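Structure first, commentary second.
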Amino acid sequence: MIHQTDTLVQLTIERLGHRGDGVAEGPVFVPYTLSGERIEAEVQGERGRLVALQEPSPDRIEPFCPHFTRCGGCAIQHLSEPAYHAWKRGLVVEALGQAGIDVPVEPLVDAHGRGRRRATLHARKGKVGFAEARSHELIELDACPILVPELNQGLEAVRALEKQLRGLGKPLDIVLTATLTGLDCDIRGAGRIDDKMRLKLAELAARYDLARLSNHGDVVIERRVPVVRFGSVEVSPPPGAFLQATADADRALTALVQEGLIGARRVADLFAGCGTFGLALAATCQVQAFDSDKAAIAALDGAAKRAQGLKPITATARDLFHRPLLADELKPFDAVVFDPPRAGAEAQSRRLAAAKLKRVVGVSCNPATFARDAVILIAGGYKLVKVTPVDQFRHSAHVELVGVFER
Ligand SMILES: C[S@@+](CC[C@H](N)C(=O)[O-])C[C@H]1O[C@@H](n2cnc3c(N)ncnc32)[C@H](O)[C@@H]1O
């Protein structure tokens, strides 16, 4: 029900939407509001701005970060934990339901752990931080409570990098990854840098004890080889490589993948990255890993060659959107794990549907594209037996999931 009073509108929030905004009749999307709340808002089209909370939800809690509502990093810090868990799990239930898939969805696994070990900070015009919500402006950060402490310590180094590179007049993105041997830092947006600047950056890396500093993948200095561990295997990821956002999610997703593939002896790891799942699986089964990122595949291959006691594991660079593994190529495997980017794995799912695998485990950061691909697998004769939502992007509207298919 909408009542117009001057320029303000009174609204009742009916539900929490999939981006974390409260949704009132219309629909009108009002950030930082909760289901059941009566509010006063300024409304423009479908967007509302909360002006006054007239009747707060009993599930409303105090956000813990002073930057919340200005910083674009978090969508939801103002919801009590049980209600937050129910909402996140509900995002998965809803996406599957909309695709007509009937499957039990497990409780949400909390995988925030010590926090995010990987973050992209923006640096421009003397400012370092994250983008403001719904804006291109930056919010200056002294610390972010979502990040692991090592990344917060790295903010000083990022500020120094920004100062050093400010003269270029270019907006920079700086990817910081906390590894077992220290911070790995990749600068994006600076373009080519000359030898004089490389020397200055190398000095700066030493001053802030960075393990490695690179400029768009081109290593400026490697003081220690950055290392992450998958299962018992140590891997040296290439600059800016994809890693699961938290170490806990790495462990939780791997455990769910292993459980889903139990009994498998020959596994294809599709969209394998640097080997998060493949290297852990190779403790008990033969693995062939595929990913389009050549540097990630080289890191996986190097780690597999150095590791002791693994079953045979190979790593191949291949674009699985344009050249998915065909049903014939899938014949040697009894199981597959696939973990595509947000766009999902439609072409590969069609080939999986045509193959006669005993088990397929899908890992996804996008319930909508997972549901689309699951429909293809189900039409091919698989049954989706279990779906587990995993929360590694706590306080955001993103949710990860693991789905187990059987024939
Ligand atoms: C969500 S990540 C998963 C990586 C890995 N499974 C992990 O857990 O660390 C998605 C992976 O898909 C890869 N990728 C993106 N597009 C691809 C394509 N067209 N063909 C093959 N791999 C692709 C990326 O390089 C990335 O490693």
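One is the number of the first residue shown, and numbering goes on along the chain from there.
Cβ atoms here come from the backbone N, Cα and C positions, even for glycine.
Just so you know, TrEMBL annotations never went through curation; they're auto-generated.
For Asp291 (S-adenosyl-L-methionine binding site), applying a Cβ distance below 8 Å and a minimum sequence separation of six or more within one chain yields Phe271, Ala272, Gly273, Ile297, Leu300, Ala315, Ala317, Arg318, Leu320. According to TrEMBL, the feature S-adenosyl-L-methionine binding site maps to Gln244, Phe271, Asp291, Asp339.
Listed in sequence order, Pro341, Arg342, His398, Val399, Glu400 are the same-chain residues six or more apart from Cys365 (active site) with CB atoms under 8 A from its CB. Following the DSSP three-state reduction, the secondary structure of Cys365 (active site) is coil. Annotation comment: TrEMBL describes Cys365 as active site.
Residues or ranges marked as active site, nucleophile by TrEMBL: Cys365.
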- prompt: If you draw a 10 Å sphere on the Cβ of Asp339 (S-adenosyl-L-methionine binding site), how many other Cβ atoms land inside?
  reply: 24
Message: Can you give me the same-chain residues 6 or more apart in sequence from Gln244 (S-adenosyl-L-methionine binding site) with a CB-CB distance under 8 Å?
response: Asp250, Leu253, Thr276, Gln392
- prompt: Under DSSP, is Asp339 (S-adenosyl-L-methionine binding site) helix, strand or coil?
  reply: coil
- request: For the recorded S-adenosyl-L-methionine site, whose residues are Gln244, Phe271, Asp291, Asp339, find every other residue on that chain with a C-beta no more than 8 angstroms from the centre of their C-beta atoms, and list them by sequence position.
  value: Phe242, Asp269, Ala272, Gly273, Thr276, Phe277, Pro340, Val363
